[in-house]
2 protein chains.
Amino acid sequence: MSTYSYSFAGTDTGNRHFFYRVIGYLLLSLSGAQLLTTIVSFSLADKAFWSFLLSACITAVAGSMLVMRSGGVVQLKKRYLFLLTTLCWLTICVFSALPLYLSIPGLSITDAWFETVSAITTTGSTVLSGLDIMPKGVLFWRALLQWIGGIGIIVMAIAILPALKIGGMKLFKTESSDISEKILPRSSSLSAYILLVYLSISVAAALSYAIGGMSWFDAITHAMTSAATGGFANYDASFGNFNDKPWLLWLASLWMTMAALPFVLFVGMAKGDKWALLRDPQVKAFLTVVLAVTLMLTLYQIQHHDRPWQDALTHTLFNVVSVITTCGYASEDYSAWGSMAIVLFFYLTFSGGCSGSTSGGLKIFRTQLAGYLLLKQLNLLIHPNAIWTQKYGSKKVDDALLGAVLAFAFVYFATIAILALVLSMFNLDFVTALTGAATAVSNVGPGLGDIIGPAGNFASLPDGAKWSLTLGMLLGRLEILTMLLLFTPMYWRY
Amino acid sequence: MSTYSYSFAGTDTGNRHFFYRVIGYLLLSLSGAQLLTTIVSFSLADKAFWSFLLSACITAVAGSMLVMRSGGVVQLKKRYLFLLTTLCWLTICVFSALPLYLSIPGLSITDAWFETVSAITTTGSTVLSGLDIMPKGVLFWRALLQWIGGIGIIVMAIAILPALKIGGMKLFKTESSDISEKILPRSSSLSAYILLVYLSISVAAALSYAIGGMSWFDAITHAMTSAATGGFANYDASFGNFNDKPWLLWLASLWMTMAALPFVLFVGMAKGDKWALLRDPQVKAFLTVVLAVTLMLTLYQIQHHDRPWQDALTHTLFNVVSVITTCGYASEDYSAWGSMAIVLFFYLTFSGGCSGSTSGGLKIFRTQLAGYLLLKQLNLLIHPNAIWTQKYGSKKVDDALLGAVLAFAFVYFATIAILALVLSMFNLDFVTALTGAATAVSNVGPGLGDIIGPAGNFASLPDGAKWSLTLGMLLGRLEILTMLLLFTPMYWRY
Ligand SMILES: [K+]
Ligand SMILES: [K+]
């Protein structure tokens with residue numbers, strides 16, 4: 001049984017009606033989110049509330065028109081899922097940019113688009129400054145968009161990408177995984193459980209932040225951007241605003257880590273499989289990397305910068321977790337920690353967390369599988385006729401899987417390389433172009449260098465660079481191939 | 001029939017004797033090269049000649065001792081080829097560093113080692129300055145080492161790596177290739193023809209440089225470093241010393257390009273297959289990249305820097321060819337051409353020329369095959385059950401080949417990443433660490449940034465960074481896996 005309830009066949013009319021219906025209902029939901037923001041904005045005596053109300057109306061009208069045109073038949077050819085997924089994200093971005101454009105005086109269309117795409121893809125790069133005095137409604141809207149983006153990622157990761165077999169994601173096809181077979185017979189209920197995990201992390205984060213000393217408004221918004229590994233903060237100093245309460249940094253490290261682990265394993269644990277997390281090869285690798293890098297940089301800071309070890313450990317762990325989970329909060333300018341830190345953070349930007357979470361990037365399992373391929377080849381060099389068998393968790397690693405993973409890794413780095421070249425054409429310097437491209441495609445947020453580094457801001461980039469970066473964010477969020485396929489002639493043939 | 005005349009079986013004694021014999025005769029040949037340099041040095045009234053004479057004696061003694069101990073049996077297990085290849089390169093490096101250490105007053109062991117490894121691996125990064133007034137014998141020795149390194153690369157590429165099936169090199173296993181089957185039945189004669197190609201390029205380059213206005217000494221030494229895509233020049237300004245004779249830059253561009261094309265195709269052409277070069281997929285891709293990047297950067301320079309087009313074209317073509325062929329001459333500081341140029345030169349550093357030439361880097365065919373894998377995956381996304389067949393030239397691209405190529409690409413980038421991290425621990429800045437690692441492993445020569453850029457010098461780096469870089473150069477030259485395998489337990493088991 002499939003996680004999506006539509007059938008994979010039908011006439012062109014059926015396909016079109018399916019598109020109208022899905023996008024229509026999405027817009028109606030978005031309109032609901034805009035209405036919620038209107039209420040929050042109004043109740044906080046915020047002048048910007050009318051722009052959310054107006055946007056909610058426009059979005060509702062557009063959504064209703066699409067739903068009304070959708071007719072009764074709902075059928076979709078499987079191949080149109082690529083187009084539908086891409087169109088859903090684009091439409092949501094367009095209608096979500098509306099309130100930002102309306103509520104912030106002087107904000108250009110480019111900047112409204114950049115901030116919105118950055119929010120929904122959970123990238124978290126910002127062009128806004130003066131966040132500390134920004135209308136609360138706007139801050140709530142940015143956080144809510146990231147949280148909604150997080151839902152979109154989970155739905156894609158569970159329901160769509162494994163079915164499309166993108167980039168080795170069939171490794172995580174939940175229908176045939178251990179947990180779903182043994183404990184959760186039906187995937188649709190699994191999806192519900194996984195969304196419940198997301199909600200639980202969000203609520204727990206909000207409560208802990210509030211208890212830890214944040215205002216309720218800050219607690220709720222930062223909980224949303226933590227759970228989504230989005231990384232928007234309500235302050236120009238990012239999470240550094242809370243440096244006087246170091247326990248908040250530890251709490252955030254915890255929630256970001258949770259949000260970057262495979263959600264399905266939490267469901268397994270809740271159902272009684274206590275060691276699901278610690279048995280998982282991806283989780284083991286992820287936590288090992290986090291601990292190793294944190295240890296290296298903590299020791300480096302104690303030795304070279306004479307920091308007290310508690311202080312060094314807190315900030316190192318926080319920022320390492322923040323970048324590897326692709327959350328992108330910063331507690332301070334870690335690019336000032338020295339050359340080794342810069343190189344390590346550059347690598348972490350590509351890494352990403354675990355598959356089946358809200359984090360972006362290449363994902364840990366792809367690096368692991370590339371390593372398996374290398375081991376296989378080394379073995380072949382010595383034993384040319386040996387049969388090499390390798391398991392990843394409970395699944396067999398075969399050539400088809402390795403091919404899918406390596407092709408993804410190639411297109412991932414190629415996308416970053418091309419985007420960096422495009423950015424350099426807008427006269428961005430080498431480091432800004434390279435790390436800007438990487439941070440966009442990996443949906444991390446901050447880059448390196450003076451301009452877009454953890455202490456920087458994307459506002460000063462030329463418009464062309466901003467549009468290019470949003471394309472990179474969308475490509476990264478859609479696992480590149482979903483979108484890339486639409487630009488190939490073979491997709492549109494027959 | 002195999003290209004190497006030894007059998008692949010034998011007792012341990014046989015293996016050891018084979019090692020003694022090969023390395024012994026290599027050292028005797030090296031001693032000959034040192035004697036040649038002594039003569040050149042002496043005839044140019046150069047005080048450094050005694051250091052070459054002394055080195056020749058030491059090397060000859062060491063070589064003779066090994067040959068004498070080698071006994072009569074010559075047998076080698078195939079797996080020991082990895083160890084033998086690595087040991088050959090290391091031994092040559094040690095005995096080649098001797099004359100540099102003896103002849104340059106005040107040169108540290110580290111710097112002598114760095115300069116020598118950089119020479120033999122045809123990397124061409126230098127720690128020496130004041131080249132313009134350096135004893136001619138030293139300059140001749142540096143060039144000769146690069147030329148000898150070039151021979152080593154060709155012998156490896158033809159005789160050893162395809163047999164070892166490293167990194168998809170079996171694609172070029174000459175025994176089964178079109179040309180050798182049809183025209184050259186025996187590979188040993190093919191090897192001789194290919195060395196003849198190398199010699200021809202060297203002689204033609206020397207003649208053309210001399211006719212173009214270089215002194216005979218400069219013509220011969222630069223011909224050697226062009227044919228080897230080594231990149232050592234006799235002047236601190238590198239090839240920029242000849243900027244007043246722009247035709248020399250065009251000639252060098254020609255010879256560097258020749259040296260980066262698959263030599264076996266020249267043999268095919270000489271044997272009557274006129275279109276062998278232009279039919280080859282690797283050559284087509286290589287020339288396309290060269291022309292495209294040259295065009296982009298020429299137009300950019302005309303537009304942004306107001307250069308006359310002849311001047312812009314000459315220097316762009318020269319430097320683009322120099323980096324992509326991994327030769328590494330510079331005619332001027334191309335990192336001053338703007339951000340787009342820097343990003344493009346960074347990419348060219350990884351690219352490399354064609355397989356079966358003297359150039360280093362990833363090699364064009366590996367990028368092409370990665371692209372095929374991507375196409376295959378995109379096709380699979382639409383047609384999950386389709387059979388995908390792809391040819392590269394006359395060979396079928398199968399999963400085993402793609403696996404070998406992608407595993408190589410992974411280990412190549414991983415090696416650069418680890419080396420960059422190590423360099424950053426010696427406090428090299430981000431750009432220096434990253435491009436230093438890339439230029440070493442790709443055997444290009446210059447990096448980017450103020451320190452090791454085209455206008456820079458490696459002398460100021462800390463000793464630890466220099467030793468790390470030489471390891472990177474050797475790894476890159478030995479296609480990484482040859483050397484990496486020696487560090488795995490499975491290589492030494494049974
Ligand atoms: K983020
Ligand atoms: K070189």
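Even glycines carry a Cβ here, placed using N, Cα and C.
No curator has checked TrEMBL annotations; they are predicted automatically.
Pulled from TrEMBL:
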- A:22-42: transmembrane segment (TRANSMEM)
- A:48-68: transmembrane segment (TRANSMEM)
- A:80-104: transmembrane segment (TRANSMEM)
- A:Thr122, A:Thr123, A:Gly230, A:Thr326, A:Asn443, A:Val444: K(+) binding site (BINDING)
- A:144-164: transmembrane segment (TRANSMEM)
- A:190-210: transmembrane segment (TRANSMEM)
- A:247-270: transmembrane segment (TRANSMEM)
- A:282-300: transmembrane segment (TRANSMEM)
- A:312-331: transmembrane segment (TRANSMEM)
- A:337-356: transmembrane segment (TRANSMEM)
- A:400-426: transmembrane segment (TRANSMEM)
- A:467-492: transmembrane segment (TRANSMEM)
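The K(+) site is defined by A:Thr122, A:Thr123, A:Gly230, A:Thr326, A:Asn443, A:Val444, and by the 8 Å test on Cβ atoms against their centroid, the other residues of the chain that qualify are A:Thr121, A:Gly124, A:Thr229, A:Gly231, A:Cys327, A:Gly328, A:Ser359, A:Gly360, A:Ser442, A:Gly445, A:Met473. Where the transmembrane segment (A:467-492) meets the stretches A:22-42, A:80-104, A:190-210, the count of C-beta pairs under 8 angstroms peaks at A:80-104. Remark: the transmembrane segment (A:190-210) contacts the transmembrane segment (A:247-270), by the rule of 3 or more CB pairs under 8 A. The transmembrane segment (A:80-104) shares the most Cβ pairs under 8 Å with A:22-42, out of the stretches A:22-42, A:337-356, A:400-426. Long-range contacts of the transmembrane segment (A:400-426) within the same chain, counting only residues at least 6 positions beyond its ends with a Cβ under 8 Å from a Cβ of the stretch, are 165-168, 170-171, 362, 365-366, 369-370, 372-373, 432-434, 436-438, 440-441, 461-462, 464-465, 468-469, 471-472, 475-476, 479-481, 484. Around A:Asn443 (K(+) binding site), a 10 Å sphere centred on its CB holds 30 further CB atoms from the protein chains shown. A C-beta separation below 8 Å, combined with a sequence spacing of at least six in one chain, links A:Thr123 (K(+) binding site) to A:Val117, A:Gly230, A:Gly231, A:Gly328, A:Gly360, A:Thr439, A:Ala440, A:Asn443, A:Val444, A:Gly445, A:Met473, A:Gly476, A:Arg477.
Every protein chain shown contributes to the tally, and the Cβ of A:Val444 (K(+) binding site) ends up with 33 other Cβ atoms within 10 Å. Within the same chain, residues at least six positions away from A:Thr326 (K(+) binding site) with a Cβ under 8 Å of its Cβ are A:Thr122, A:Thr229, A:Gly231, A:Ala260, A:Gly352, A:Gly353, A:Ser359, A:Gly360, A:Gly361, A:Ser442, A:Asn443, A:Val444, A:Gly445. Counting every protein chain shown, 33 other Cβ atoms lie within 10 Å of the Cβ of A:Thr122 (K(+) binding site).
In the three-state DSSP scheme, A:Thr122 (K(+) binding site) is classed as coil.
The secondary structure of A:Val444 (K(+) binding site), as reduced to three states from DSSP, is coil rather than helix or strand.
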